[in-house]
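Participant: Have a look at the structure that comes next, please.
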Amino acid sequence: MTDAATLSTAGFDLTPPTEAERERLEANLTAEEARVLLHHGTEAPFCGGLLGEKSPGVYGCRLCGLPLFKHETKFESGTGWPSFYAPFAEDHVVGVRDTSYGMVRIETRCARCDSHQGHVFPDGPAPTRLRYCINSVSLQFVKAGAPLPDPLHRGDKIT
């Protein structure tokens, strides 16, 4: 953790990457990952690699590794994108008003690195009635029991 770390309610370091760290992380992205994560793109529906993933585990930010969603909150929405009814921790995902394409929506971003993840809609299942509609390419799946990726060397662990 950094000296002046901002910890999430789940104990993860939310300190944004430095400019040098961000450049290093961005250099490892594919063109499609960069288009979605950095330029607020959307992958085509029904083609994402994590859409059918049903294994126990955690879905983390593809850019910085912060855990964003738990497998227990994933559900089949029929929209063509992985959908979740709650984030890993409320303060791991940030909502930003998005008025692009003549619509009013809430864009979801990683609270640590500010990368685009998808959108949240008020049409999900109980208990939250929310649907976090997330691009597969924005996420990396970590099977239960496997160590979390730690590209920023923050020492974050699920306890």
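In case you wondered, yes, glycine gets a Cβ from its N, Cα and C as well.
Residues or ranges marked as domain 'MsrB' by Swiss-Prot on the basis of sequence analysis: 22-144. As annotated by Swiss-Prot, Zn(2+) binding site applies to CYS61, CYS64, CYS110, CYS113, with the evidence given as sequence analysis. The active site, nucleophile annotation in Swiss-Prot covers CYS133 and is backed by sequence analysis.
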Participant: For CYS64 (Zn(2+) binding site), which DSSP three-state class applies?
Facilitator: coil
Participant: Quick one: which residues besides CYS61, CYS64, CYS110, CYS113 have a Cβ within 8 Å of the Zn(2+) site's Cβ centroid, in sequence order?
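Facilitator: Neighbours within 8 Å of the Cβ centroid, excluding CYS61, CYS64, CYS110, CYS113: GLY60, ARG62, LEU63, GLY65, LEU66, LEU68, ALA111, ARG112, ASP114, SER115.
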Participant: Express the distance between the Cα positions of CYS64 (Zn(2+) binding site) and CYS133 (active site, nucleophile) as a whole number of Å.
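Facilitator: One finds 19 Å between the Cα atoms of these residues.
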Participant: Note down the number of other Cβ atoms within 10 Å of the Cβ of CYS133 (active site, nucleophile), including every protein chain shown.
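Facilitator: Its Cβ has 23 other Cβ atoms within 10 Å.
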Participant: Have a look at the binding-site residues (CYS61, CYS113) and report the one with the fewest Cβ neighbours inside 10 Å.
Facilitator: CYS113
Participant: Cβ distance under 8 Å to CYS110 (Zn(2+) binding site), same chain, sequence separation 6 or more: which residues?
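Facilitator: Set apart from CYS110 (Zn(2+) binding site) by at least 6 residues yet with Cβ under 8 Å, we have CYS61, LEU63, CYS64, LEU66, LEU68, HIS92, VAL93, VAL94, GLN117.
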Participant: Given CYS113 (Zn(2+) binding site) and the residue listed as 'active site, nucleophile', what distance in Å do their CA atoms have, once rounded to a whole number?
Facilitator: 19
Participant: Just to be sure I understand, if DSSP states are collapsed into helix, strand and coil, how many residues of the domain 'MsrB' (22-144) fall in each?
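Facilitator: When I sort the residues of the domain 'MsrB' (22-144) into the three classes, I find 27 helix, 40 strand, 56 coil.
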